[in-house]
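Contents: one structure, followed by commentary.
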């Protein structure tokens, strides 16, 4: 059995004055589903005004959550905290080996913080990461373009569609919205 964890699909959708992040609940080790109800979407910050979702190795992702939350507490602003974390990621050896991606969003901004220390803002308000990320991104873009569904519903449906295609993604969706 392979010791590689395949652990998620996360999608972030921004529509109108709402932003939603959704994630599936499946954690896979090799060819075995180890857990079907993992929670990969969380609220961060003093008042829970930042949503975050992770894809990648779970221990690495929790480390990044903690580091990002510390930057958020220190700098108080999402973009600044993301850039400061990315700087650390590029300069600290222990962070360079972390195998995870973060999607973070507040009322104004959505960002991906990549495993190489990049900070990327999506041009259309939709971003997806993880093993089913391409499927979820495609589904969310189609739903955004051709329906009047709200951000929460689009994010939920996009994960469901990805779960129908990607073997590392299930339909046990956790979604949160600002």
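Any Cβ shown, glycine's included, is placed from N, Cα and C.
Over in Swiss-Prot, the protein carries these features:
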ACT_SITE  8  active site
BINDING   163, 166, 169  Na(+) binding site
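Nearest Cα neighbour of residue 8 (active site) among the listed binding-site residues (163, 166, 169): 169. Taking the centre of the Cβ atoms of 163, 166, 169 as the Na(+) site, the nearby residues of that chain (Cβ within 8 Å, site residues left out) are 9, 24, 26, 131, 132, 135, 136, 159, 162, 164, 165, 167, 168, 170, 171. A C-beta separation below 8 Å, combined with a sequence spacing of at least six in one chain, links residue 166 (Na(+) binding site) to 9, 131, 132, 135. For residue 163 (Na(+) binding site), the same-chain residues 6+ apart in sequence whose C-beta sits under 8 angstroms from its C-beta are 9, 24, 132, 169, 170, 171. Over all protein chains present, the Cβ of residue 169 (Na(+) binding site) has 30 other Cβ atoms lying within 10 Å.
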